[in-house]
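For reference, the structure is listed below as structure tokens.
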Amino acid sequence: MASSTLTEAVVTGRPAPRRPVTRPRRRARRGSVAPLVLLAPAIVLVAVFAGYPLVRSIWFSFNDVSVFTGVLEFVGFQNFASVIGTAEFVPTLGRTAFWTFGAVALQLIGGLSLALMLNNRFPLRGVYRGLIMIPWATPSVLVALMWKWILDPNNGVLNQWLLNAGIIDAPIEFLSQNSTALPTLVMIDVWQGIPLFAIMILAALQSVSGELKESAQIDGCGPVGVFRHVVLPAILPTILITTLLRLIWTSNYVDLIFILTGGGPGTSSTTLALESYLTTYKASDFGAGAAYAVIQALFLAVFIALYVRLTRKDTTR
């Protein structure tokens, strides 16, 4: 049929009739709209449960909120000025940095080490892989109560063990001293957060090609070289995502601090998130509490932006 049409066009000199061409535009449009339709419920939920509270908190930070009437009086940056002008603001900012970055850094180191160990073959490996998730799966309130009993200076297991071992001469009040309260809270959060890093990195290690490892070994790389040039680049995206999630969660984590120390003794374990909570619900100052929350969000956003930029440079080398 096509050859006869072409012959007719050559003989008569008339152009051959065009064959109908199916245009994929409608299909392309349908393909571009379908993901938006599928994502619409999630977008609506995020907008309602995350976007709206965020916008409202920012708006509260610029207003004086009456607790009894709910009336808002615009005061500009007055809440931020009063918060930043307090004598405890800079120390609280430092404690927040120590709590957030110190805990996440130790979690990353511990989780990476644990994942590398669990990636090897040994008896009951599957059992240990399941057991390491217990701290992460335990509710925060239960974790706090458990550690409060362990660290009790009179009947706590830790103090009794240290005394029996001859390491200390008198019980240590870990949660009641300015010098030990916040570091103790950090170590408890590290204990609870290591399993997430371990299981995420372990999953990434399982996907590393064995052929690439063998090729690196043939080229003369030792265990350190194989890890640096083959394993680390493969698991780095997972480390980045997990670290970002833990930074956000840890900076907003107040359950552990509130139950164990309440921010004390004094203000030695108070973070920006806890200060925002106490100012809002204890002092009933919603404007200043929202200002603390906005400052914390900006503080964390700046660090995350720098962290992502530096990590992206390392991954593109």
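Every residue gets a Cβ built from N, Cα and C, even glycine.
Please treat TrEMBL annotations as automatic predictions, because they have not gone through curation.
Among the features that TrEMBL reports, region 'Disordered' is placed at 1-27. Positions annotated as compositional bias 'Basic residues' by TrEMBL: 16-27. Annotation comment: TrEMBL describes 33-55, 97-118, 130-150, 185-205, 226-249, 286-308 as transmembrane segment. Annotated domain 'ABC transmembrane type-1' per TrEMBL: 93-307, in sequence order.
Here the listed stretches are 33-55, 97-118, 130-150, 185-205, 226-249, and the one with the most C-beta pairs under 8 angstroms to the transmembrane segment (286-308) is 226-249. Between the transmembrane segment (226-249) and the listed ranges 33-55, 97-118, 130-150, 185-205, the one holding the most Cβ pairs under 8 Å is 185-205.
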